[in-house]
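A short write-up of the structure that comes next.
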Amino acid sequence: MWILVSWLALVARLVAGTQCPDGQFCPVACCLDQGGANYSCCNPLLDTWPIITSRRLDGSCQIRDHCPDGYSCLLTVSGTSSCCPFSEGVSCDDGQHCCPRGFHCSADGKSCSQISDSLLGAVQCPGSQFECPDSATCCIMIDGSWGCCPMPQASCCEDRVHCCPHGASCDLVHTRCISPTGTHPLLKKFPAQRTNRAVASFSVVCPDAKTQCPDDSTCCELPTGKYGCCPMPNAICCSDHLHCCPQDTVCDLIQSKCISKDYTTDLMTKLPGYPVNEVKCDLEVSCPDGYTCCRLNTGAWGCCPFTKAVCCEDHIHCCPAGFQCHTETGTCELGVLQVPWMKKVTASLSLPDPQILKNDVPCDDFSSCPSNNTCCRLSSGDWGCCPMPEAVCCLDHQHCCPQGFKCMDEGYCQKGDRMVAGLEKMPVRQTTLLQHGDIGCDQHTSCPVGQTCCPSLKGSWACCQLPHAVCCEDRQHCCPAGYTCNVKARTCEKDAGSVQPSMDLTFGSKVGNVECGAGHFCHDNQSCCKDSQGGWACCPYVKGVCCRDGRHCCPIGFHCSAKGTKCLRKKTPRWDILLRDPAPRPLL
């Protein structure tokens, strides 16, 4: 039975807090422990939740056997492991205390509150994905998620941050709750707990907008160029693209350790990312799950990081649902509440890219590996793909190692004193001629394969003669992918690097609009090039530059690299050579 201390003092000093007889300070009230010897912080407004004092973590450990009997070995938020004086403990967010299993740590980590199944989950929030403790009220938070007001049948304030007791109204101007009995300070909501029936939340969207990671994790690039998940927030991604370290540490790849001033821990291996559940903007473009499609000032789609967001008229920013865009202050407003508005990010293609095989790594004339892979022979004699560029193919014909490593026995890779696990090769895909089809701008218009739909001055669509191009804001010009439009200088600019991949040639057909010779033709918006066999092939650029290897070509204004796999910029490209077709072609 919990004995409440100084209830009258609690009511009078709800905001100021309460000092317990033993000298400790509690934000709401003090409760005498069951033994009657010690005090703990409690909150009578949340009914009478059992609260006990937490214990300090003591001693480092790797496994439970390193701790005394009755202790557990816990991973802390700092990435270290320490012994907890509970047989089944839970690490607190302060990294210094722990609580028994079945208890939740307080914000300062000094007390533990028991939230058993009989208490937690009594209040189900709409959708049955989140729940609040008994005698609490579900309220929407500012980010659209569910929060809990620590009072039964509470009034949720329209700022989505605060709440008031039942029967009271929110006075956000004076930050008070108004009731017939007087005024009270506004109460602040806390996040709702995900129910046991709810699926794990994946709120961390990676920069490629195609991969997502679980809550409290960090996106890190893998050797394949894709993204994986480091299982802790704000982690440090190591340069080997295989490991990661806790925040405020340094990757020591030679010793395979994470180093900080206070401690050393082992490197962590990244986990694969998860595909994003996409929100379709149109037939070709999509945004990550939980985002909203909004038009950018270029006419292209952008993604706002809110569900059911409000797209601002400047075509750059967006606001949470229910808010209004205030362009003068650069804020989102809801009543007296103001929050900074968010900037949209470019949406990504959601349908298979017609150029998907263009960047493949060719193994021979019939087989290829994805971009940033290496062709390696399998034990069958066929080609396999190692999921990293310029990799070392191991003699067992099963594994491969990163560049600079040596293949060791049992599938390991070694570089100096460092050992990592080898990667298994994947099957190649057979190279086939792409089906030629137009790129749809909308339901009524399209552009040829290898070009990009851009909005025109007339409000309709026009075609840029480059794939995945950047549409300039003047709606008359476009630039290659990776460049920005400089409207005043009338140039396409790139801060660093002036390289783009070259394009593979396709076989010339017997019919077409551009005559090559010897009865061979290429389609409109293509160029004729001699292939490696001396015949004719088609380059998907207008006035394209044919590479010496007879397999690739580059846009006008570029020249081919020595191997023909890259296009090097001669000088800053002027956009007067990148004019688009006056009108797109209708879909058939």
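Every residue, even glycine, has its Cβ placed from backbone N, Cα and C.
Following the DSSP three-state reduction, the secondary structure of Cys125 (disulfide bond) is coil. The disulfide bond annotation in Swiss-Prot covers Cys125-Cys138 (among others).
What Swiss-Prot records for Cys132-Cys148 (among others) is disulfide bond, and it gives similarity to another entry as the kind of evidence. Using a 10 Å radius centred on the Cβ of Cys132 (disulfide bond) and all shown protein chains, the other Cβ atoms total 26.
Look at Swiss-Prot and you will find Cys281-Cys293 (among others) tagged as disulfide bond. All chains included, 19 other C-beta atoms sit within 10 angstroms of the C-beta of Cys293 (disulfide bond). DSSP assigns Cys293 (disulfide bond) to a strand in the three-state reduction.
In the three-state DSSP classification, Cys303 (disulfide bond) falls within a strand. What Swiss-Prot lists as disulfide bond is Cys287-Cys303 (among others), and the listing cites similarity to another entry.
What Swiss-Prot lists as disulfide bond is Cys294-Cys311 (among others), and the listing cites similarity to another entry.
What Swiss-Prot records for Cys304-Cys318 (among others) is disulfide bond, and it gives similarity to another entry as the kind of evidence.
Look at Cys312 (disulfide bond): DSSP puts it in coil. For Cys312-Cys325 (among others), the entry in Swiss-Prot reads disulfide bond, with the evidence type similarity to another entry.
Secondary structure at Cys319 (disulfide bond), as computed by DSSP, is strand. The feature disulfide bond is assigned by Swiss-Prot to Cys319-Cys332 (among others).
Annotation comment: Swiss-Prot describes Cys363-Cys375 (among others) as disulfide bond. DSSP assigns Cys363 (disulfide bond) to coil in the three-state reduction, outside any helix or strand.
In the three-state DSSP classification, Cys369 (disulfide bond) falls within a strand. Cys369 (disulfide bond) counts 23 other C-beta atoms within 10 Å of its own C-beta, drawing on all protein chains shown. Sequence annotations record features per position, and here Swiss-Prot assigns disulfide bond to Cys369-Cys385 (among others) based on similarity to another entry.
DSSP assigns Cys394 (disulfide bond) to coil, not to a helix or a strand. The disulfide bond annotation in Swiss-Prot covers Cys394-Cys407 (among others).
DSSP assigns Cys401 (disulfide bond) to a strand in the three-state reduction. Look at Swiss-Prot and you will find Cys401-Cys413 (among others) tagged as disulfide bond.
Annotated N-linked glycosylation site per Swiss-Prot: Asn38 (among others), in sequence order.
Listed in sequence order, Thr224, Gly225, Val361, Pro387, Met388, Pro389 are the same-chain residues at least 6 apart in sequence whose CB falls under 8 Å from the CB of Asn372 (N-linked glycosylation site). Per Swiss-Prot, N-linked glycosylation site is recorded for Asn372 (among others).
Taken from Swiss-Prot, the feature N-linked glycosylation site applies to Asn525 (among others).
Taken from Swiss-Prot, the feature signal peptide covers 1-17.
Within 10 Å of Cys138 (disulfide bond), as judged by C-alpha distances, the disulfide-bonded residues found are Cys132; the full candidate list was Cys132, Cys363, Cys385, Cys407. For Cys363 (disulfide bond), the nearest of the recorded positions Cys287, Cys325, Asn525 in terms of C-alpha separation is Asn525. In this structure, the CA atom of Cys319 (disulfide bond) is 6 Å away from the CA atom of Cys325 (disulfide bond).
Other C-beta atoms found within 10 angstroms of the C-beta of Cys312 (disulfide bond) number 22, with every protein chain shown included. Between the CA atoms of Cys332 (disulfide bond) and Cys325 (disulfide bond) there is a gap of 5 Å, rounded to the nearest whole number. Comparing Cα positions, Cys303 (disulfide bond) lies closest to Cys293 out of the disulfide-bonded residues Cys293, Cys311, Cys375, Cys394, Cys401. Comparing the disulfide-bonded residues Cys287, Cys318, Cys332, Cys385, Cys413 on other C-beta atoms within 10 angstroms of each C-beta gives the minimum for Cys413. Candidate recorded positions: Cys125, Cys375, Asn525. Nearest to Cys287 (disulfide bond) by Cα distance: Cys125.
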